[in-house]
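Annotated features, as they stand in TrEMBL:
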type: DOMAIN; residues: 36-114; note: domain 'ACT'
type: DOMAIN; residues: 106-136; note: domain 'Biopterin-dependent aromatic amino acid hydroxylase family profile'
Amino acid sequence: MSTAVLENPGLGRKLSDFGQETSYIEDNCNQNGAISLIFSLKEEVGALAKVLRLFEENDVNLTHIESRPSRLKKDEYEFFTHLDKRSLPALTNIIKILRHDIGATVHELSRDKKKDTVPWFPRTIQELDRFANQIL
């Protein structure tokens, strides 16, 4: 399984009153406390259907889903999902099933998470701008 790489789609620029673009980047991602998961699956018939059925059985509400071919392994696809924060109680069980029974590589992304197992580093100019705006 490959490691999924996050590209933040929630970045947008604000315009000032004069129509000039400012350096402030609005963070649209995770405003409602949503939890983000990235997982990768081998390309096979019904692979995504199994995962969606797992979410349904555990009453998990998906608010957003994106897919793309994996950059590291040609036979895998990466899925970026936003889950409603009311799905938090079932999340531990879902991640365990995804990793052990389905064989997916899973990464949990949340600003509220206390312990990160994978450090984050900015990979694009937009991510670096976002990081600078949050720190400064």
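For all residues, glycine too, the Cβ spot is worked out from N, Cα and C.
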Per-state residue totals over the domain 'ACT' (36-114) - DSSP helix, strand, coil: 29 helix, 28 strand, 22 coil
Within the predicted model, mean pLDDT of the domain 'Biopterin-dependent aromatic amino acid hydroxylase family profile' (106-136): 71
